[in-house]
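Have a look at the structure below before the remarks.
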Amino acid sequence: MFALARNALRAPARRAFANAPAAAAASLHTLPDLPYAYNALEPYISEEIMKLHHSKHHQTYVNGLNAAEESYAKATSVKEVIALQAAIKFNGGGHINHSLFWKNLAPNAEGGGQIPEGAFKNALERDFGSVENFKKELNTQTAAVQGSGWGWLGYSPKSKKLEIVTTANQDPLITHIPIIGIDIWEHAFYLQYKNVKPDYLNAIWNVINFKEAAKRFEDAAK
Amino acid sequence: MSDYTLPTLPYAYNALEPYISEEIMTIHHTKHHQAYINALKTAEASYAQAAAPKERIALQAAIKFNGGGHINHSLFWKNLAPANSDAAKLKAGPLQDAINRDFGSLDNLKAELNASSAAVQGSGWGWLVYNKKTGKTEILTLPNQDPVLPPYVPLIGIDVWEHAYYLQYKNVRPDYLKAIWNVINFEEAEKRLVEASKVC
């Protein structure tokens, strides 16, 4: 059910704390390649933003996650483990979220922004009334995030519906299966759109990878 | 209470160059801070109309976020001053005494406040505060626009929302944190400390 979140990262070896022998080097997380060139989402998301966002911000989460997991492997008490939770959540969530993000974007010239006919489009229309309504609702809720965070289209395994969810900071989406994520941290848009979040949110629809979204939906709805 | 206005910046938009750019100051003050004020007014207008606890509770987040944003930024503009101005120098007095007593030195304070501010996960603020219970100065970080509340009194605030530095420093928050010490208004911070230390 949460395969998407798990598969978004290479899972490191399980380790136990307290009484564990010195752990073998865990498999390190690495920055996934961008599926397109840094300038491929122009003019909707600038090359400058994509470069910094991928090679600096996401890389930093990967580095932070590796460091936190290394400390975790050495932890010998519950207290130490708990003290590391924030770093794992923040950096692990950052790695998960950005890994999903790069894949749910696509150049406009390669299908970005276009919704294929099929089960996913039907579900959007069923659960939001129309595709336009869906976009409007996701934009409204994402713009309303107070601070840093993400706006998501998620599939609820409970209700079997597509729903809009927001998460704070780098909290990963775990109540729903992530279908489309939109980064609303200021670093995701500020260099290009400054304080005008709605302009970014309108523009990004031109590069949303609906083919990937449809794939995630089909996997989730099985 | 609902008559909030954007406080005038105590200096020109380019006065904190090269440490904080004119572009950032202009957008930060005229757009971001203004937006908090507009939304605070709206939230309080709704609150005045709210008839039931449930409605009031539903408005709490908007009041906290926008009210906090207004409070924090109002404090921020005043605890900045042009570099090389008299106010940007830490002079002998109660503030210097407190810093030396509680942190060992000004350099130590800078290192600690910068480390804490750099480590804020997401948006937020780093503060040097006065603790009225203990009579000591301390470092406090708060998320998003949460305001400093009793027993703490804000002395120096550093905005680490990305909009505070990104146009100039990009992802390199530590560079912004190093630079901002050139434009911290120690005179204002001392005024706040003296006021807070008064035994009523």
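Just so you know, glycine gets a Cβ as well, placed from its N, Cα and C.
Annotated features in TrEMBL:
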BINDING   B:HIS28, B:HIS73, B:ASP159, B:HIS163  Mn(2+) binding site
DOMAIN    B:3-81  domain 'Manganese/iron superoxide dismutase N-terminal'
DOMAIN    B:92-192  domain 'Manganese/iron superoxide dismutase C-terminal'
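This view paints the features noted in TrEMBL onto the structure.
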residue  : record              : Cβ within 10 Å
B:HIS28  : Mn(2+) binding site : 25
B:HIS73  : Mn(2+) binding site : 24
B:ASP159 : Mn(2+) binding site : 24
B:HIS163 : Mn(2+) binding site : 18
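DSSP classifies B:ASP159 (Mn(2+) binding site) as strand under the three-state reduction. Less than 8 angstroms from a Cβ of chain A: among the binding-site residues B:HIS73, B:ASP159, B:HIS163, that describes B:HIS163. Confidence annotation: the domain 'Manganese/iron superoxide dismutase C-terminal' (B:92-192) carries a mean pLDDT of 98 in the model. Excluding B:HIS28, B:HIS73, B:ASP159, B:HIS163, which define the Mn(2+) site, the same chain contributes B:HIS29, B:HIS32, B:HIS33, B:PHE76, B:TRP161, B:ALA164 within 8 Å (Cβ to the Cβ centroid), listed in sequence order.
Mapped onto three states, the DSSP output places B:HIS28 (Mn(2+) binding site) in helix.
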